[in-house]
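K.L.:
What TrEMBL records for this protein is below:
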- 76-148: domain 'Cadherin' (DOMAIN)
- 149-266: domain 'Cadherin' (DOMAIN)
- 283-380: domain 'Cadherin' (DOMAIN)
- 381-488: domain 'Cadherin' (DOMAIN)
- 511-607: domain 'Cadherin' (DOMAIN)
Amino acid sequence: FGVSDPGFHVDGDLNLVPLRDLLHSEPVLFIRGLSAHADDLAQVDIIGTPGRSAATLGVSRTSVLLKSSGSREQIFRMTGPGADQDPKGLFTIDMNSGTVSVSRSVDREASDSYQLEVSTTDYSGNLIEGPQVFRIKVIDQNDNRPIFKEPRYTGEVLEGSPTGTTVMTMTAFDADDPNTDNAVLRYNIVKQSPDKPSPNMFYIDAERGDIVTVIAPTLLDRETLPTTTYELEIVAKDMAGSEVGLTGTATATITITDKNDHAPEFTHPLFEAHVYEGSTGVVVNLTVDDRDDPATAAWRAMYSIISGDPIQSFEIQTNPDNNEGMLSVVKPLNYEASEFLSLLIRVENEDPLVPDVGYGPSSTATVHVRVEDINEGPVFFPDPLIVTRMENIPVGSFVASLNATDPDILEKQSIRYAVLQDPAGWLSVNPVRGTVNTSASLDRESPYVYDNKYTAVFIATDNGTPPATGTGTLIIHLEDYNDNAPYVLPSVARVCEDAYDVTVAVVGGWDKDLPPNAAPFKIELGKQPDLDKTWKVTRVNSTHSQIMLLRSLKKDNYQLPLLITDSGVPPLSNNTEVKVQVCICNKNRMHCSSAHSHHARFLVPLATLLLTLLCKYHRN
């Protein structure tokens, strides 16, 4: 037993007795009784001795009697939080007797003490005594259970971890007085589920709440445990864990995480695959077993080809859903080159193995690949075939000889040729020999010719079952022939009617042919008499000449005949005309005639024109 006033004690007969003569004491004594199974408090009111200037009340009873030193008739008054301030009315005082009472339940966790002031007045309100400080201390009762911060805790521990490895920490809170055993907590594991291989795989530090492993590292094997997840029911008890303590519970879920302590192993030492020559894609799925945690880097497989694929015709990708190795052909195989291939495959994990584990013979496997023969289409060589020919060669001329061979060298098959694409319709091919000849004139200036090249496509078909085909391209580089007469631009010029000895225009020669069948051009006046008395043509460079007016002309439109000749062998000439508009010029403006051109003085004799046309036709 303990007494709040050191002048008193509880004797062996459980009597409260003073230890000495006392002149004064606290008006209230508190006696605490403590045993191994109980902790309680009792209040004793002391009557007959004057109290000290400040009184302290420990609330476990409902009232206390205050006395005044005055002898006059008086009224007790009390002020402060809990009386006339919030929480109002918690404590009341009898105005006549001075008895202080608790009107409703008090909660130490809301407020552990109250400080009030008590005074006495006469009936007229005159102060007689006070105010005197009156302190009320709320003594804690164990009325709050421990509460965990979370209802469910999660933690992880790596398989094979040493005994004593900390997994997680459980933490509970008790709202009672931390200076008493009411808030002193002790932790305990009351249940482990499942309880195999041992019901005590984990231990919790009673005071700190740390959960640690107690199972041997060799038994903490994720692949042999009945489950990878364990649930612990944790109890936190106050009163330092005594039987009368209040409890709170929570669940701890512990996951045994994986480490790469198992190498992947092929399910079979030998796999077989069949693939048609010339095809690509997946040919076989390689299956492996790995006892590590699926969907982790310790389980995910990586495959590689150790030998048997010198030209990288194969590749292996891992199927993310089932960890199988998908062996694919990425470069078509040739039956005639090899009917059978043997590949050696290795499998590893993305994560390295732990130091004491290695890859064994089961981490390699052999794949036998049999290539199936198919009827392959003929192959042109070279492809494309490029030849050079002169345009306008005679119809029926030889152009090229196609060469297509059948890859199926183990079979004797014949090949026939045909035209597949001939945009201009200029070519024909012998179906047996593959010789290509012209069936129309080749024209370099045709819109079907690009960059002097004409492209045609041919098809070759064998007599296999079923027949197979192949295509080849023929590109004809066309050399130029002087088959296009030149012409003059621009075709219209203007000059003022009073002008003479002036340049009317600079005209240029143009030709669809290529050098040397084009420039330099010779541009001269037509053959009409007396033209040179009015006009003069002078060469500027290899492609251009200037036209000069030698004497003034009246306002009119005139057609000036010109003769232009290219440098081809033989050369081609063209009679052309330039329309010259003679205009009235004033204030920087030209007023020209819109009537038809004046032909009278520039007409070319009919005989000359016919002769020129006949000569041109004969050359073509």
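Note that Cβ sites are derived from N, Cα and C of the backbone, with glycine treated the same way.
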K.L.:
When the pLDDT values for the domain 'Cadherin' (381-488) are averaged, what is the result?
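P.N.:
Summing pLDDT over the domain 'Cadherin' (381-488) and dividing by its length gives 92.
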K.L.:
List the helix, strand and coil residue totals of the domain 'Cadherin' (149-266) as derived from DSSP.
P.N.:
6 helix, 50 strand, 62 coil
K.L.:
Helix, strand, coil: count each for the residues of the domain 'Cadherin' (381-488), based on DSSP.
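P.N.:
Summed over the domain 'Cadherin' (381-488), the classes give 0 helix, 50 strand, 58 coil.
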